[in-house]
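Record features, source Swiss-Prot:
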ACT_SITE  92  active site
ACT_SITE  277  active site
DOMAIN    74-385  domain 'Peptidase A1'
CARBOHYD  86  N-linked glycosylation site
CARBOHYD  130  N-linked glycosylation site
SIGNAL    1-16  signal peptide
């Protein structure tokens, strides 16, 4: 009987899944670096590569550090309106709002991306409210609309979303994405908007109130991975999921036991907080810790980045994040990014998030690419397990 129940559960988790393909494309940082503009952008944004502080206080709108999106390479497709208007978005567990550029946006970034035209949608309604999101030293602002949103065949009715009419600076001009679809908790949503996934649950569009993320770190593969709504796919990981309780229902925040270098605890020795964030490509932590970590791995600041010689990766240490008693190892090949020409970028970035939200470590795509991640809203927990790398994919999925 127990085997039958396990098989039934597995069938539900696999065959009731809605799979959203993720494509992998060039990040903003890599594009700017190739153009020789990266250092200029840091200067323009007032960002110190050694120490970046998210200075948003309690009485300000929620802040999204601009550097979080500089290295994002994984994107998916959604549509808004009737008939559907298509957009490329970041599926971001570190925020909770959906926004896309508006046809009324006058910023340079909007002009080079797909823009939503409300007058062409028969199901569009105006909310009448404005919204604003902080990104680094600038803000993205616009109005809130209501319309149908489709994600890989899932039709979400009456979804509130932001229509941006102003986007900050020049950074988003080089972005491969049009907008962002937040998958965080409702408590961090701007404008009292109900997040897309919450509406999926409320409208009975998913089998289970959970979603999961698989990311390929193979630089030679155009296949980025997949976002799965309604459960998880056990063929994408090995072993058992380590279920970790969410400690604060805003971000997908969990307890981090410690951070080890070659088996020695050097950071977070008394335990600290971390978030699992698909909208942040790198692994970030308090700047004082990250400066020390960069020195240990031999990374040095150059060209607006932290770089290491790719030829010495085998001599660099292993970094381990201990979560719920289990060590999640990251080899040098896993925590660095190959830029070409024998140069690799460090996958670590300093980011000081002040109380009460911080301090926080952020386990971004560099980490998620090695560990399949399940986000369970029904039980408020995150599941982690080692990925089974691409290829192969089963049944052509």
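Going from the start of the chain as shown, residues are counted 1 onward.
Just so it is clear, glycine is given a Cβ too, placed from its N, Cα and C backbone atoms.
From a predicted model like this one, the values you see are computed outputs, not experimental measurements.
Most other Cβ atoms within 10 A: among the active-site residues 92, 277, that distinction falls to 277. Using CA atoms as reference points, the recorded positions 86, 130, 277 were checked against residue 92 (active site), and the closest is 277. Note on the domain 'Peptidase A1' (74-385): its mean pLDDT in the predicted model is 93. Between the CA atoms of residue 86 (N-linked glycosylation site) and residue 277 (active site) there is a gap of 24 Å, rounded to the nearest whole number. Of the recorded residues, residue 277 (active site) and residue 130 (N-linked glycosylation site) place their C-alpha atoms 26 Å from one another. Sequence-distant neighbours of residue 130 (N-linked glycosylation site) (same chain, six or more apart, CB under 8 Å from its CB) are 141, 142, 143, 144, 191, listed in sequence order. Taken residue by residue with DSSP, residue 86 (N-linked glycosylation site) is part of a strand. When secondary structure is read from DSSP and collapsed to three states, residue 277 (active site) falls in the coil class.
Over all protein chains present, the Cβ of residue 86 (N-linked glycosylation site) has 13 other Cβ atoms lying within 10 Å.
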